[in-house]
Every structure is written in C-alpha cells, then in structure tokens.
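Remarks on the structure that follows.
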C-alpha cells in the first residue's frame, strides 16, 4: 500500500479504490540485467517499483541506437503508456540491480486507473506542450514529467513561495496569475507578473540558493508543482535553456 500511495497515477483514487488496486497486484522479483519490458512489444502489465534500480531506453527508428531517457532509483513506475493508449511499448526497461516490482494487469489497470489518470495526464501534457522551455523533451519524457506533477489551487493573495526559503519545487501555472515581489529597503517591490503557461521557482533549483523573492497569487490560480528531486531527474535536457532564461531576470540578483 505504501508503494502505491506514492504513485501519482493513483492519486485520484480514494482509499477503497486504492485497496482494490493493491489486492490485484502481485510481487515480481527481478534480477540485475533482466529486461522487464521491450520497446514495440505489446504491454500486459504496469509496474510499480518497490526496490532496485532500472533504466529506460528508446531506440532510434533509423539507426536502432538506444538512448537512456530515464533512470529509476528505488522508486517510480513504468509500463503505463501502452496500457493507457493501447499502443506498443514506447521504451525498453531493464533492471540495473536486483529488485522487487509490483505488477498490475492490463485489465485491472484500465478498470481502476485509466479514467482518472488519463484525464489528469492529458491536462498536464497539454500544459507542458505550451511551455517553450520544454520543447526539447521527448514525448516519453514529457509524459513522465506530467506523471510527477501534482495540482494545487491557491487563492488570490496567497503566499506561494517566500523570499529566503530553500528551493524545493518548480511551479507551472495552469490558470490565473502570480506576482513576484522582492524586498528592497525592507519593502516588497513587484518585479514580475506571470500568467497561464508560465513557470517560476526554477532559479533556486538551478543555483542551489535560497529563494530571493516571494511569489503571491495575483488572482485565484491553479498550479502544477514539480518537486526538486523530480526536477533534477526529469528536466536534464532543459537545464541549459532554463539557465539562459534565468539571465533575463535582471532585477533578481539571486534565486526566486
């Protein structure tokens, strides 16, 4: 149950529904170098990671050369794409160490998870498609990113991040506006306003420095939040672009 509670795809399920999912899962021990799923094959199971390290690779359609697109380290899940979209496996996943997986059949996955998860994922993927800085992500990386986001509703005037606090997340704006304010002579001065499709909070994650400005909800707003660990694991291809973008914040000396 603890492993399943950490899976974002199950976040829309209530306790009774989650208990049904857990009852239909079975444990699958795996050995180092074992191939769990293979690109282009039909998918029969969804896998939740209990322990072990795994890597996902995608083969180039022309050259056949495989490229690592994701590494899972004792947490996470995979195998859901083929079950959600009735499509072949989009990647090959191999165990790098011995480990334990929890498997859920295609039928059970679709019965319990598909309706809630598909709606949630599609909305987040659409949001991520609208963020220019993420255009370099592959569809696989973008859907993985979407699965690690969680939704938060904030009220007008609500403090979202506080100047001086450590950076622990990146925020995408699904709807509404936020305002960025920085202390100047002990008074907060507005330095930026960000709306739907924008993002904030990345600078502290890039610089490893405390937040150097506060962010408030300028209107009622809906946010999608990515934790710092997921940021570091999933946004590697975008880090360079984000650092360049950070240079545009002329009035922010450190990190938001």
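Each Cβ is built from the backbone N, Cα and C atoms, and glycine gets one as well.
Automated prediction, rather than curation, is the source of TrEMBL annotations.
Annotation source TrEMBL lists domain 'Cyclic nucleotide-binding' at 9-130 (among others).
In the three-state DSSP scheme, residue 80 (3',5'-cyclic AMP 1 binding site) falls into the helix class. What TrEMBL lists as 3',5'-cyclic AMP 1 binding site is 80, 89.
Positions annotated as domain 'Cyclic nucleotide-binding' by TrEMBL: 133-252 (among others).
In the three-state DSSP classification, residue 211 (3',5'-cyclic AMP 2 binding site) falls within a strand. Look at TrEMBL and you will find 202, 211 tagged as 3',5'-cyclic AMP 2 binding site.
Taking the C-alpha positions, the distance from residue 89 (3',5'-cyclic AMP 1 binding site) to residue 202 (3',5'-cyclic AMP 2 binding site) comes to 32 Å. Geometry remark: residue 80 (3',5'-cyclic AMP 1 binding site) versus residue 202 (3',5'-cyclic AMP 2 binding site), CA distance 28 Å. Helix first, then strand, then coil: DSSP counts for the domain 'Cyclic nucleotide-binding' (133-252) stand at 35 helix, 44 strand, 41 coil.
Along the domain 'Cyclic nucleotide-binding' (9-130), the predicted structure has mean pLDDT 90.
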